[in-house]
Amino acid sequence: MGEGDEVSSAPMTPRPAGTSPRPPISCPPSQFHSPSLSRSPLLSFADHPENAITNANKTPNKTPNKTPNRSRFSTPRFITPLGSPIRKALHMTKLDPQDAWLPITESRNGNAYYAAFHTLCSGIGVQALILPVAFTILGWSWGVICLTLAFIWQLYTLYLLVQLHESPETGIRYSRYMQISSATFGEKVTNWLVAFPIMYLSGGTCVALIVIGGSTMKSFFGTVCGPHCTVHPPTTVEWYLIFTCAAVLLSQLPNLNSIAGVSLVGAITALGYCTMIWVVSVDEGRIPNVSYNPVRASTQIARTFDLLNALGIIAFAFRGHNLVLEIQATMPSSEKHPSRVPMWRGVKFAYFLVAMCLFPLAIFGYWVYGDKIPPNGGMLVAVIQFHGKTISQAILGLISLFVIINAVSSFQIYGMQMFDDMESKITTRMKKPCPWWLRAILRAMFGYGCFFVAVAIPFLGSFAGLIGGIALPVTLAYPCFMWLKIKKPKVYSPVWCLNWGLGVLGMCLSGILIVAGLYVVIDTGIQVSFFKPH
C-alpha cells in the first residue's frame with residue numbers, strides 16, 4: 001500500500017524460559033481521524049522505542065468496567081489507519097505529525113453542513129450558464145436526456161469516491177485524490193494520467209476565476225457608474241489585479257475547515273445569480289423570432305464536432321470531483337461513526353440544489369433564447385444583450401456582484417488543494433510545520449502566479465475544450481476503476497459490469513473530446529496575443 005506499509009507491530013520482549021505467558025494485550029479502539037488538530041508535532045513510539053517496549057510489557061488493568069483511554073493515530077504521510085484490521089494484533093503506528101500541519105487535514109472537526117457548503121461552492125460555477133448552448137445543437141429531447149444522464153453519472157462517481165475515502169478492509173483513509181490514485185494505479189501511471197488533470201482542475205480553475213472575476217468587476221463598474229460616468233475606469237489588467245488581491249487576502253485563512261463560512265457565502269451567491277438569471281429571463285418572455293430547430297452545420301464533419309462540443313459543454317458543467325476526498329478529510333471518523341455518512345448526507349443536499357440550478361438554467365434558458373443564445377458567455381451575456389435596457393440596473397448590478405463574490409469564494413476552495421501540495425513539500429523537507437509568514441508567502445506566490453498566467457496567456461481559454469477532455473476522466477472514469485481495484489466486486493456481477501462500462505465509456509468520451517478540441521483549435525485558429533487580455 002505504498003507508504004501505508006510503515007504500520008508495524010511493536011517488538012517482542014524476550015522472555016526467560018519457563019516464564020508463563022502474559023495475558024494478551026488488545027489494541028484500544030482506534031479512530032479514523034488525525035491525532036492532533038494542533039500545529040505542534042506529537043511524540044511517537046517510533047521516536048522513543050523504550051516507551052513502546054515498556055508500554056507493551058505492562059499488564060492490562062484488570063479493574064472491571066473501566067474503559068481504556070482511546071488512543072489516536074496519525075497517518076504515515078496522508079494515510080490514516082482504521083481500527084478493525086489492526087485490533088487483531090498490537091500495532092504501533094509511526095506517528096507522522098504532517099497531517100496536523102497541512103491545510104486539508106489540519107482540522108478534522110467538519111460536519112455535514114460544512115460538506116454541503118464546500119460541495120455546493122465548488123460544484124456550481126459560470127460554466128453552468130453555457131448549458132443552453134448545448135441545447136441549440138442537441139434539441140429539446142436529446143438535450144434533456146443527455147443532461148439527466150450526465151447528472152446521474154457524475155453523482156454516481158461522486159458516491160463511489162465518498163465510499164472509497166475510508167477502507168476498513170485495508171485500514172487506510174484516503175484524504176486526497178492523488179493519494180487514492182497512487183494506491184490504485186501506481187505512482188508512475190498517476191504522474192502521467194492524474195497529476196496534470198488535477199493540477200489543471202485546481203490551478204487552471206483559479207486562473208479562469210481571475211479572468212471571470214476581473215471581467216465581471218469591469219462590467220459591474222460600468223453598470224453602477226452608468227453611461228455618463230466621468231470617472232476613468234481601471235484597465236482590464238488592473239481589474240484582474242484587484243480581484244487577485246482580494247483572493248490572496250482571503251486565502252490567508254489557515255485550513256479547509258476555516259473557509260466553511262466563505263464557501264457558504266459562495267454557495268449562496270451561486271444559487272442567487274443562477275436563479276436570478278433564469279427568473280429574469282422567463283419574466284421578460286421569449287425573444288422574437290426564436291427557433292428551437294437544432295443548429296446544423298454545412299458539412300458532416302462539422303456537424304459531428306458540433307455534437308461532440310455540445311456533449312462536452314454538458315460534461316464540463318459538473319465539477320468538484322477532484323475536491324471530494326479533500327472535503328471529506330476534514331471530518332472526524334471512527335468505526336461506529338464513519339465520515340462517509342455525514343459526507344454523503346451533505347453531498348445529497350448540495351446536489352439537490354445543484355440540480356435546482358442547472359436544469360432550470362438549461363431548460364428555461366433555451367426556451368427564452370432558443371438558437372439565439374450567445375455561444376460565448378451563455379445566459380449572462382444573453383440577459384445583458386437582450387434585456388439590458390428593460391431590466392433594472394440594480395438587478396444587473398446585483399447579478400454581477402454575486403458572480404464576483406462567488407468567484408472569490410471558489411478561488412479559496414480550489415486553491416486550497418494547491419496550498420496543501422506546496423506545504424506538503426515544504427514540511428517534508430523541514431520536518432516541522434510551515435511558519436505563518438512562509439505560508440502567507442506561498443499562497444501569495446500562487447495567487448499572483450495565477451494572475452501572471454491570466455495576463456500573459458489570455459488565449460488559454462481557447463484550449464479549454466482540449467484540456468477539459470484530458471481532465472474529464474477524473475470525474476467520470478477514474479472513480480469507477482478505483483472501485484473495481486479497491487473493492488474487487490465479483491467478476492461479471494452487475495456492479496462489476498456497471499463500473500467497467502462507465503469507466504470505459506468515460507475514457508472513450510474523453511478521447512473523443514480531446515480530438516474534437518484539437519479540431520476546434522486547428523479549424524478556428526488561435527489568435528496568439530501575449531500580455532494583451534481582452
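Cβ from N, Cα, C; glycine included.
Now, the feature entries from TrEMBL:
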COMPBIAS  34-44  compositional bias 'Low complexity'
COMPBIAS  51-68  compositional bias 'Low complexity'
DOMAIN    109-522  domain 'Amino acid transporter transmembrane'
REGION    1-74  region 'Disordered'
TRANSMEM  112-134  transmembrane segment
TRANSMEM  140-162  transmembrane segment
TRANSMEM  192-217  transmembrane segment
TRANSMEM  260-280  transmembrane segment
TRANSMEM  349-369  transmembrane segment
TRANSMEM  394-415  transmembrane segment
TRANSMEM  436-457  transmembrane segment
TRANSMEM  463-484  transmembrane segment
TRANSMEM  496-522  transmembrane segment
Recorded stretch that, among 140-162, 260-280, 394-415, has the most CB pairs under 8 Å to the transmembrane segment (463-484): 140-162
Leading contact stretch, 192-217, 260-280, 349-369, 394-415, 496-522 vs the transmembrane segment (140-162) - CB distance under 8 Å: 349-369
Feature contact check the transmembrane segment (112-134) with the transmembrane segment (349-369), CB under 8 Å, 3 or more pairs: yes
Folded-back contacts onto the transmembrane segment (260-280), same chain, C-beta under 8 angstroms, at least six residues removed: 110, 113-114, 116-118, 120-122, 124-125, 128-129, 250, 253, 350, 353, 356-357, 360-361, 364-365, 379-380, 383, 387, 391, 395, 398-399, 402-403, 405-406, 408-410, 412-413
